[in-house]
Amino acid sequence: MGVSLGRIKFKVHYWPTLTFIWFVVTFVISYAVALYHDHIYWLFPYISDTGDLAPESCVFAQFLNIGIIFLSVTVYVRYREVDAVINGGLINSPATTKLNIVGLCLGWLKCLGLSLVANFQLNADYVSKLHIYAAMVAFLIGAVYCILQTVISWKYVILYRNATTGTSKLAFSMFSFRVFLVVSFFAAFISYKVCAYKAAALYDAKAVYKQNAQGELVLVLPRQYTPDIGGFKYKVASAFSQWIVVLIELLYIATFTKEFRNMRFREIRFESKYSQI
């Protein structure tokens with residue numbers, strides 16, 4: 001980042017990598033805090049379980065909200081980067097323009113879904129369904145977003161097919177890698193859901209009486225899914241697949257780094273009737 005004449009300028013190709021690193025660090029920290037307080041079993045809990053109870057829920061929500069800001073900026077920069085290529089006449093396709101706009105909207109909808117996941121956690125029964133639905137919507141919208149960006153990547157392959165050999169190969173390699181990520185996403189997502197259903201069918205934990213905040217004894221199931229509970233192996237496979245799904249989407253965002261090298265941000269200018277700021 002450099003400063004010039006009081007205006008901030010910086011290259012934006014750091015944003016995708018920053019977004020990837022921030023989310024990974026968020027999940028690792030919330031996992032570590034939850035494990036330290038014995039709120040989770042150590043072997044591949046679901047990501048949401050690592051941010052279910054205090055104090056890890058505070059870390060999970062705060063860090064995830066900051067990460068959502070990074071992600072929303074990355075989505076917007078991707079939109080502007082593709083828009084610049086279109087306006088420069090390098091890609092002459094009305095369909096690509098529409099795909100780019102739809103991609104921006106879907107990217108921001110995913111950010112909204114992640115915000116609901118971060119702030120409406122599983123520890124409250126009356127919002128747990130909202131958390132689960134928001135997570136599913138965020139996953140699926142993220143998948144559609146990646147598909148749209150892969151289609152746009154193919155336009156780059158066509159654009160650079162007559163360019164130098166290195167540039168052409170790079171464009172095709174990026175397209176191929178994104179196709180691989182999309183296919184891997186759906187394979188991992190199917191594994192995540194199928195194993196979750198099997199784990200639920202075999203779940204046989206015994207409820208025990210515990211005192212609630214009002215001093216009443218209520219039957220509750222154990223919070224930790226341990227090896228002595230039926231379906232444990234399927235639960236671990238499901239949670240592992242969920243982690244893979246999330247990492248794939250984050251890795252996809254990180255692939256924008258190379259294309260963002262052509263972009264630079266300059267500080268927004270403000271004007272008033274008294275002076276220019």
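Keep in mind that glycine also has a Cβ here, set from the backbone N, Cα and C atoms.
Just so you know, TrEMBL annotations never went through curation; they're auto-generated.
Per TrEMBL, these features apply:
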- 14-262: domain 'CWH43-like N-terminal' (DOMAIN)
- 12-36: transmembrane segment (TRANSMEM)
- 59-79: transmembrane segment (TRANSMEM)
- 99-120: transmembrane segment (TRANSMEM)
- 132-158: transmembrane segment (TRANSMEM)
- 170-192: transmembrane segment (TRANSMEM)
- 240-257: transmembrane segment (TRANSMEM)
Below 8 angstroms Cβ to Cβ, which residues of this chain, lying six or more residues outside the transmembrane segment (59-79), approach it?
12, 15-16, 18-19, 22-23, 25-26, 29-30, 33, 50-51, 100-101, 103-104, 107-108, 110-111, 114-115, 117-119, 121, 145, 149, 253, 256, 259-260, 263, 265
Across the domain 'CWH43-like N-terminal' (14-262), what is the average pLDDT of the model, as a whole number?
90
